[in-house]
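What TrEMBL says about this protein:
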{"type": "DOMAIN", "residues": "48-190", "note": "domain 'Lactate/malate dehydrogenase N-terminal'"}
{"type": "BINDING", "residues": "53, 54, 55, 56, 57, 58, 59, 79, 139, 162, 163, 164, 273", "note": "NAD(+) binding site"}
{"type": "BINDING", "residues": "126, 132, 164, 198", "note": "substrate binding site"}
{"type": "DOMAIN", "residues": "192-334", "note": "domain 'Lactate/malate dehydrogenase C-terminal'"}
{"type": "ACT_SITE", "residues": "222", "note": "active site, proton acceptor"}
């Protein structure tokens, strides 16, 4: 009898993960068994993470990779379409994180309640011929709505904002949080990790090294000429010819366009963006855990330059950004690239 009761409880828990809104339903054949909105037995402790835009081109691989992260205990997947299918698919993976799906704006608050980290890839992708201004006109409203939900349901969460154009959506998110009285600049981070990932890869190709052994700081913004790879500060230390420097800088700045054109209208950088987003999210989770020395590049509220938001190296901690590092010594070429707001700034 006890074994049967244990089985029923386990079934109830698993069912609750896939459909948490039926929390008070009773299972057939049991008059006192309720579906429990809790973790599955055997899962390891960790952090609660929400992905907003989980059914999109970035969101799906991002959700899959986050499901594989051992630091994630609960993974909430939210979108306005197709979330049930994505949730069911990813929930079959035999990793510790419990997956729950949320569909439509009426379930946004349920998706966000109690989250430690919120990742936002929501919005439309860039297509050939589309400018970031075109993206802004569509994605700004989406980001505003999602951030209103965050300010209400999990104002202390760390927010990783991916939705493009990051140079503009991050300031919009900040204004939403300010209006709600929940703004903490340490907890709002624009994800520019893809620029770093590309820089590491392209530099490794030129040097004939493993990209995992390369670390290139990328500062400025997250669009075209606002992206400034500091090739003079590459680790391990190395030198480049002027031709190599110009080639690498241009390719890093135009990496997104390279993918958009290669996909010929079928989308933008989704897989590499998901990889970069997970790499950055993992850094945030390690910092939340209390790991020391977690340093990455991100687009944040900053006083490094006269611009209110700027991408640079930051040290992450339990409260988000704990320290913002100065640019360090720039060579002549980097100083020339970085002159003026027209190059490293953005018109908000």
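From the backbone N, Cα and C atoms, a Cβ is placed for every residue, glycine too.
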Taking residues 53, 54, 55, 56, 57, 58, 59, 79, 139, 162, 163, 164, 273, which bind NAD(+) in the record, the widest Cα spacing (Å, whole number): 18
Inter-residue Cα distance where the pair is residue 139 (NAD(+) binding site) and residue 164 (substrate binding site), in Å: 7
Listed in sequence order, residues with CB under 8 A of residue 55 (NAD(+) binding site) and six or more positions away: 77, 79, 81, 82, 83, 85, 86
Helix-strand-coil residue split for the domain 'Lactate/malate dehydrogenase N-terminal' (48-190), DSSP-based: 66 helix, 30 strand, 47 coil
Rounded Cα-Cα span from the residue listed as 'active site, proton acceptor' to residue 163 (NAD(+) binding site), Å: 11
Closest of 53, 57, 59, 222, 273 to residue 198 (substrate binding site), Cα positions, recorded positions only: 273
C-beta crowding around residue 273 (NAD(+) binding site), within 10 angstroms: 24
Residue 222 (active site, proton acceptor) to residue 53 (NAD(+) binding site) - Cα separation in whole Å: 20
Neighbour tally for residue 222 (active site, proton acceptor), based on other Cβ positions within 10 Å of its Cβ: 27
Secondary structure content of the domain 'Lactate/malate dehydrogenase C-terminal' (192-334), with strand meaning DSSP E or B: 67 helix, 30 strand, 46 coil
Local Cβ density at residue 164 (substrate binding site) - other Cβ atoms counted within 10 Å: 24
For residue 139 (NAD(+) binding site), the number of other Cβ atoms found within 10 Å of its own Cβ: 24
Winner by Cβ contact number (other Cβ atoms within 10 Å) across the binding-site residues 53, 57, 59: 59
